[in-house]
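K.L.:
Handing you this structure, nothing more for now.
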Amino acid sequence: MRREGTMRLHRTFLLRVYLKESAVITYPASKKIYCQGKIFPTIRVGMREIQLTNGDSLTLYDTSGPYSDPNISIKSPQGLPRLREPWIKVRPRKTQLAFAKEGVITPEMEYAAIRENQKRELKKNTDQERERRLQGNSLSARIPNPITPEFIRNEIACGRAILPANINHPESEPMIIGRHFLVKVNANIGNSSLTSSVEEEVEKLIWALRWGADTVMDLSTGKKIKEIRETILRHSPVPIGTVPLYEALEKVDGDVKALTWEIFRDTLISQAEQGVDYFTIHAGVLNRFIPLTQKRVTGIVSRGGSLMAKWCLLHREENFLYTHFTEICEIMRAYDVSFSLGDGLRPGSIADANDEAQFAELKIQGELNRIAWKYGVQVMNEGPGHIPLNLIEENMTKQLAYCREAPFYTLGPLTTDIAPGYDHIGSAIGAAFIAWQGCALLCYVTPKEHLGLPNKQDVKEGLIAYKIAAHAADLAKGHPAARQRDYLLSQARFEFRWHDQFNLALDAETARLFHDETLPKEAAKHAHFCSLCGPKFCAYKTSHEVRDTLQKVT
């Protein structure tokens with residue numbers, strides 16, 4: 001399936017999904033490589049290596065899993081190889097948090113550490129002045145170089161990071177979420193009652209993996225919820241999250257009043273048995289907080305939050321997710337499912353940002369964190385929402401304080417309400433800012449936000465916007481693995497190595513397409529100009545001439 005030579009190196013992304021055939025992801029000028037573990041020598045961590053025309057190469061964090069390995073054939077319904085199964089079989093049935101607290105480094109922890117480092121070491125001849133000038137400001141975060149398995153173990157033990165890895169999802173490749181690591185991006189997929197099929201959702205999953213989704217949430221609310229989730233899990237090398245409330249509500253035909261703790265509990269167990277890695281649980285929406293939303297412009301915009309608020313009012317009882325929280329912890333501990341404590345009262349408009357209802361729920365999230373940790377369950381906290389730039393820092397500061405530095409997972413935040421059709425841009429601005437402040441996981445927003453169910457193109461555009469935001473934050477934080485790609489691309493740009501510029505880009509296909517709109521011939525890929533400035537006004541070309549003149553003078 002791989003073609004050699006120049007044409008192979010310059011090919012754009014190919015994705016084919018047939019439920020009875022192979023699914024393949026390829027990247028231009030790239031090959032799949034594996035890094036071996038040291039503590040656990042049988043570990044092989046997949047990465048992507050980009051080959052450059054000047055002989056250099058770049059190793060990248062890779063979310064594509066076996067789909068980009070030409071030596072692995074993936075067919076449905078069997079799904080992916082069960083990578084973690086041998087590790088799980090030979091050890092006690094404990095959570096990653098329990099192992100971490102006991103001082104035990106698991107294979108998953110070493111795997112995640114190797115991924116974070118991306119085979120990257122600082123060169124001995126690094127420009128020290130440049131390093132001092134560009135070193136990041138991590139805002140009290142501690143990012144070691146290199147990141148070790150012991151560091152990951154300690155971060156998990158302290159509750160500052162999670163490694164979501166259900167024992168029944170052995171296909172997943174271990175990854176770490178926390179503010180002392182690379183900023184991660186989540187993609188939402190899933191059908192609705194009006195559209196989408198099992199095949200379409202698997203295709204969206206693999207498409208999301210190709211564009212860098214670190215985690216994926218299946219938010220299906222229509223028919224075949226269980227079948228879609230099972231197929232997604234068996235075909236996903238990244239952690240899968242869900243909102244169990246959606247399926248529980250489907251079981252009672254959408255009748256909120258008919259929903260019970262018992263129905264929800266059975267749904268929770270069923271999804272944990274399937275292998276879901278993290279659950280969004282809206283346990284912080286309490287009776288006494290609901291009246292606080294009355295003055296809001298947009299009320300309660302979280303689906304789960306609004307459903308639980310309605311349930312509380314119909315039954316005149318406290319939220320059963322809160323009253324049964326310890327039982328939920330026991331279920332999740334049995335499978336090593338992580339909490340993603342839902343922000344059911346997040347603001348859905350700039351007018352409602354940072355209000356009393358939002359922060360009241362955040363405080364409860366902090367209390368629930370401590371209960372989850374007591375039960376040995378990993379936990380992260382979901383956050384807003386719609387927040388203007390000047391109020392974002394307060395969100396991060398309060399989350400760190402209330403939730404004792406547990407990972408923060410935010411939807412954006414959107415920094416303005418006026419961008420329907422472009423909310424992926426308005427929210428990526430907020431995402432970059434809050435990720436620099438310490439947010440660990442960014443939930444992408446697509447151009448269809450507020451408008452409809454995303455299609456494949458929307459998924460791509462949302463992920464590209466958020467990978468830019470995450471990378472910008474990693475640069476600002478000074479993550480040791482962040483800057484090399486920027487350096488190599490800038491070098492290629494200055495040296496007019498057009499193919500390398502394209503291949504180092506987040507979206508090589510679009511970069512090449514834009515260039516070729518006006519200069520499509522192969523000769524233009526070696527020209528010392530582009531169509532923006534032409535041969536006479538290219539600043540890079542002139543800069544080379546200036547350098548040559550200076551060298552002659554000196």
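Each Cβ is built from the backbone N, Cα and C atoms, and glycine gets one as well.
As annotated by Swiss-Prot, substrate binding site applies to N188, M217, Y246, H282, S302, R303, G304, D343, G344, L345, R346, E382, Y409, with the evidence given as sequence analysis. As annotated by Swiss-Prot, Zn(2+) binding site applies to H386, H450. Swiss-Prot lists C530, C533, C538 with the feature [4Fe-4S] cluster binding site, giving sequence analysis as the kind of evidence.
Would you situate these features in the structure and describe their surroundings?
P.N.:
If you draw a 10 Å sphere around the CB of S302 (substrate binding site), it holds 23 other CB atoms from the protein chains shown. S302 (substrate binding site) falls within neither a helix nor a strand when secondary structure is assigned with DSSP, and so counts as coil.
In sequence order, P420, D423 make up the list of same-chain residues 6 or more apart from H450 (Zn(2+) binding site) whose Cβ falls under 8 Å from its Cβ. When secondary structure is read from DSSP and collapsed to three states, H450 (Zn(2+) binding site) falls in the coil class.
The number of other Cβ atoms within 10 Å of the Cβ belonging to C530 ([4Fe-4S] cluster binding site), over all protein chains shown, comes to 19. Secondary structure from DSSP puts C530 ([4Fe-4S] cluster binding site) in coil.
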K.L.:
Please give me the binding-site residues out of H386, C530, C533, C538 that lie within 10 Å of R346 (substrate binding site), comparing Cα atoms only.
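P.N.:
Matched binding-site residues: H386, sequence order.
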K.L.:
Please list, in sequence order, the residues in the chain of G344 (substrate binding site) that are at least six apart in sequence and whose C-beta is under 8 Å away from its C-beta.
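P.N.:
Non-local contacts for G344 (substrate binding site): H282, G284, V285, I300, S302, G304, G305, S306, M308, A309, E361.
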K.L.:
So the record assigns N188, M217, Y246, H282, S302, R303, G304, D343, G344, L345, R346, E382, Y409 to substrate. If I measure every Cα pair among those residues, what is the longest distance in angstrom, as a whole number?
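P.N.:
So the binding residues stretch over 20 Å, Cα to Cα.
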K.L.:
What count of other C-beta atoms do you get within 10 angstroms of the C-beta of C538 ([4Fe-4S] cluster binding site), across all chains shown?
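P.N.:
Step by step: centre on the Cβ of C538 ([4Fe-4S] cluster binding site), count other Cβ atoms within 10 Å, giving 17.
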K.L.:
When the Cα of H386 (Zn(2+) binding site) is compared with the Cα of each of the binding-site residues N188, Y246, C530, C538, which one is closest?
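P.N.:
Minimum Cα distance from H386 (Zn(2+) binding site) across N188, Y246, C530, C538 lands on N188.
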